[in-house]
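Trainee: Once you've had a glance at the structure underneath, I'll fire off some questions.
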Amino acid sequence: MRPAPAIALTGISKRFGPVAANRDVSLSVAAGSIHGIVGENGAGKSTLMSILYGFYEADAGEIRIAGAPRRIRSPADAIAAGIGMVHQHFMLVETLSVVENVVLGAEGGAFLKGGIGKARTALARLSRDYGLAIDPDAIVGELSVGLQQRVEILKALYRGAEILILDEPTAVLTPAEADQLFALLRALKAQGKTVILITHKLREIMEVTDRVSVMRRGEMVSHVATAETSPPALAEAMVGRRVLLRVEKGPHERGAPVLEAVGLSCRDGRGTETLKDVNLTLHEGEIVGIAGVAGNGQSELLEVLAGLIQPSRGVIRLGGQILAAADRHPARLRERGLMHIPEDRQRSGLVTAFSAAENAILGYQHDPAFGSGPLLSPARIEAHAREAFAAYDVRPPDPALKTAKFSGGNQQKIVLAREIERGPKVLLVGQPTRGVDIGAIEFIHRRLVALRDQGVAILLVSVELEEVMALSDRIIALCGGRITGERAAEQADERDLGLLMAGVADEAA
Amino acid sequence: MDLLQLLAVILDSTIRLSIPLICAAMAGLWSERAGVVDIGLEGKMLVAAFASAVAAFATGSAWIGLSAGILASLVLALVHGFAAITWRGNQIVSGVAINMLAAGLTVVLGNAWYGQGGRTPSLEGAARFGDLTLPFARWAREHVPGLGLIYDEVVSGHAAPAYLAFLCVLVTAFVLKRTRFGLRIRAVGENPAAVDTAGLSVAGLRYGAVAICGLLCGIGGTYLAVAQSAGFLPHMTAGRGFIALAAVIFANWRPWPALGACLLFGLLDAVAIRLQGVTMPGIGLVPVEAIQALPYLMTIILLAGFIGRATPPKASGLPYVKER
Amino acid sequence: MSAVPVDLPRWADIALVPLVSVAAALLVAGLVVVGIGENPLEATALLLRGALGSAEGIGFTLYYATNFIFTGLAVAVAFHAGLFNIGGEGQATVAGIAMAIACLALPALPGFLAVPIAILGAAAGGALWAFIPGWLQAKRGSHVVITTIMLNFVAATLIVYLLREIIGKPGSMQPETPDFPAGAILTPMHQLLAPFGFTLPATPLNSAFFLALMALFAVWLLIWRTRLGYAIRTVGANPRAAAYAGISPAAVTMIAMAISGALAGGLAVNEALGVQHRLVLDFTAGYGFVGIAVALMGRGHPAGVGLAALLFGVLYQGGAELSFDKPAITRDMVVVIGGVLVLFAGALDGLFRRVIATVLRIGRGAA
């Protein structure tokens, strides 16, 4: 008889309000294997794992661990069942030491002395067994991201986890660190541990997993042995047989350069370089797409060009003129025709507590058209919104309605209307269709192409590679804040771009 | 009076003035290390002062007064916890409410019960904490030059809650640093999500810390009414809860430095009282108000990062909401 | 203010939530009255009669309301910028000092000049004392809440020193300034309205009341009808969106705090310029803190602030009258009600909204 699977989930469903995050999901993970779960953003992978870890309780379904049915209502239950989890955003206390983080919740007695001592010994043993060298007294906040992840894994192992779930573990790692992680996962497997690896990177799935399950829109769509599948087959399963994004797009007429960045670099608050020596030229009448894994400098590129953050080095030219520091300010740039549809409309692009009409003037609140002198005219603001909402088919077309009450697609249309309608010369676009329904996606894509045909220069950032490929005339790949290559749209293919995004430098560049 | 005698007297009154600050500072430290901002220390001490005076007067026992003081302060602490932890309300707003509630309620009840404009009747005998004379104090004063005097004047001769206050510092420092509970409290104030995923209750830990905060404010308030004074006076805390808050910030949320800050602020107060109405050559009448304002000014300067840097626990003031 | 957003219909949001929290707060106060052995209904009747039962009572009520309008607006304006200004007491104190210095330094000016200068002095003093924490938060990252608390105490020691050493009345043991010049005072309401044929009893109510009404209107205009108000609200609701819109959160923080402090200065105008005609110690008397309750209950809207200020005016005046008849119930009861209100309308807002939402849902389900 075959041994019971380490984990068996049957019929798991979970709703968040109107959204079904998981629908009748079943999954079986063999003991002592590495099991991959892939899917696009929002496919329900993280929700499923949060249910398994007791962060949420499923609305329906059964969980069996090593054959026995279990109710997992809290992380404590999960830990007791031998499940450990390494979250995408580390669950570490940065001010505490490594060993303090490891024992938190499993201190073994009211006083720390004994428990800490025991943990030191255990850490030394784990370090030896798996090659996880780490200073137990180092302060976690001062460690590199790779080492912090190591602490997370040690935390789980110290609690005696037999099943280890890793949620997008390589998203924050360098390629070398990722290779080390994979070696570790194999070592864990050799010791009989079960590993679940959640990722959207197919390369990783092919490299380390034994079996792989694919999720799409809250449902489990396929389970296969890794050896019997291929990246294209997985990709198809992830995306589904949906109509491939086709954007009606004529040939473009590239005009004069309007926006140029030369040697642009940025640093974040901790002094890490987020953009490195970026050179970029945007011409009239073209869409330039940025391809890259999230967190590789795309956000910073948009923000620095929009004047939201200041570069540490380099110059930006708009319409041939170098922008002085005072001009690198959102309001000044808007006056010069550089508009910006931000990546996260809820956090930066809109004030969701305001009425839709008020949001339709965000960034343009000083426009004389909306009032006289220091005063604003609600009537004029409302009339303006009414007109814009009609032109962009915002539903419901009610300017007085609170913005939070609009759907994602309609919120995005409010932003789009606001930024496009004033005739930009340059348009920076971040994640134009994130969380937007299909109908609105088409609408938004058509608008962007129409703008390009009118001669606007568009810079497009999107995590959806497919979208970048469908819309762009030219694609630039970013990795680690550096441009790793450039392709004309007609020459680009997914595999080739994937290599560039992974930082495999382009000989041509 | 010789210099040593003067020094001993000033240090003695420094200790007396520091005790309520020390209790409240430890209280605030517990709450804030767990991630619950508390500007209601003042109100909790005030309520404790009132309740302890009432109970001590009614029963004639200072110790029953202390229990009542702690209980009253605990109730307000739990109200704060209910708003801040269970209902994720604004912690500042809740603290303001606690302070107003305490300021009003103590006077209303005191006036209704005793009709003395909010005061409670004078406490006498066992209803008040008397000064304890430590062993060998008298002997040391006579036989050990210098140090003996200091021992008798400064170390000995305080009421029981005063020694309790110092004990609280020791216990706070020990528990925070060396026990399981302390580790969890430190963790929950920095990253509650880490505590949650470790299978621990964020709310439970925070309620625990808030309750300890109530207990400590209770001791501080009781000391004011039943040891330092002989009864309750309206608004008798006079901003001590806020000075304690300043001390916590000043000490970067660490127990021993907080004790130091409290003693420093107590010393400033003692000196200011001493210099009241004193004319100094070159200065004229000493502006004691400048000395009294020093704790506040120092805290502002520190917070602004002009000297050193105050880094509060990362999650303090933020209600914990599970992320999706 | 709460992290648990509960969606309520607009009418419930605007009217029902504050009303329910006021009712609950008054209920708690009623319980306290019962606790000290008095009849709450009788007490309420006495209170209402004292506050609204005579022209004199109404005059006093409006005089108190004037103070609450200023301090409530001060808190409300800061709220809109996402700032919690608990420094109203200190700002009013410094406003009083600035005003007193202006009045005493310019004794010979005629009234039509002296009064505006005094009022501007108060506004400038309050604005300065609030600008400091605004600047410290915007430029140095220290939190407005802590700094304003600390500056309250600094202001309290400052006024003691100044009244004793610098601007005190010579030869007086009282901590107060000499009387302001006769030109530099506000007209009492009974004198102001006498030429129009109204005969009113003498009360502290003075023309500062009109100033408060103007402030209500001006704040409404500022917050909802100006570009600056739009910027203030944007920073308060979503600082990131503000930065995206080219609005500087730092600049707005400083401006909003200064406006807030200037409004708190209105308290000094009503008390010193309007009633006492000199600056006395402790003239702020906790009005600044009650302003927090007023702003929370009024939901930050000037109309709400006006109504809440009126309610507290009634409670203050009625409470004073009540304590004559029932010495067991002192006026500090109003502070209790204020505290409970801050708790209910502010910190426990989430609880109240949840309860109201549940009741409404049950109501709809049954219908």
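Numbers here mean position along the shown chain, with the first residue as 1.
Glycine is treated like the rest: Cβ placed from N, Cα and C.
Automatic, uncurated: that is what TrEMBL annotation is.
Pulled the feature table from TrEMBL, pasting it below:
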- B:6-29: transmembrane segment (TRANSMEM)
- B:64-85: transmembrane segment (TRANSMEM)
- B:92-114: transmembrane segment (TRANSMEM)
- B:155-176: transmembrane segment (TRANSMEM)
- B:207-226: transmembrane segment (TRANSMEM)
- B:232-251: transmembrane segment (TRANSMEM)
- B:258-278: transmembrane segment (TRANSMEM)
- B:290-308: transmembrane segment (TRANSMEM)
Trainee: Take the C-beta pairs under 8 A between the transmembrane segment (B:207-226) and each of B:6-29, B:64-85, B:92-114, B:232-251, B:258-278. Which stretch has the highest count?
Mentor: B:64-85
Trainee: What stretch of B:6-29, B:92-114, B:155-176 shows the most Cβ pairs under 8 Å to the transmembrane segment (B:258-278)?
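Mentor: Most Cβ pairs under 8 Å with the transmembrane segment (B:258-278) come from B:6-29.
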Trainee: Is the transmembrane segment (B:290-308) packed against any residues at least 6 beyond its ends, judged by a Cβ distance under 8 Å, and which are they?
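Mentor: Apart from its flanks, the transmembrane segment (B:290-308) reaches 242-243, 246-247, 249-250, 252, 265, 268-269, 271-272, 275.
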Trainee: Report the listed stretch (B:6-29, B:64-85, B:92-114) having the maximum count of Cβ pairs within less than 8 Å of the transmembrane segment (B:155-176).
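Mentor: The listed stretch sharing the most Cβ pairs with the transmembrane segment (B:155-176) is B:6-29.
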Trainee: List, by number or range, the same-chain residues at least 6 past the transmembrane segment (B:64-85) whose CB is under 8 A from its CB atoms?
Mentor: 36-38, 40, 43-45, 47-57, 91, 94-95, 97-98, 101-102, 123, 127, 161, 203, 206-207, 210-211, 213-215, 217-219, 221-222, 225-226, 319
Trainee: At a C-beta cut-off of under 8 Å, are there same-chain residues at least 6 beyond the transmembrane segment (B:92-114) that contact it? List them, or none.
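Mentor: Those are 37-40, 42-44, 46-47, 49-50, 54, 76, 79-80, 83-84, 120-121, 232, 234-235, 241, 317, in sequence order.
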Trainee: Looking only at residues six or more beyond either end of the transmembrane segment (B:232-251), which have a C-beta under 8 A from one in the stretch?
Mentor: 20-25, 27-29, 32, 38-46, 49-50, 53-54, 99, 103, 106-107, 110, 117-120, 217, 220-221, 224-225, 257-262, 265, 295-296, 298-299, 302-303, 310, 312
Trainee: I need to check the long-range neighbours of the transmembrane segment (B:6-29): which residues 6 or more away from its ends have a CB within less than 8 Å of a CB in the stretch?
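Mentor: For the transmembrane segment (B:6-29), the list is 38, 41-42, 44-45, 149-150, 153-154, 157-158, 161-162, 165-166, 168-169, 172, 212-217, 219-221, 223-224, 227-228, 237, 240-241, 243-245, 247-248, 251, 253-255, 258-259, 261-263, 265-267, 269-271, 273-274.
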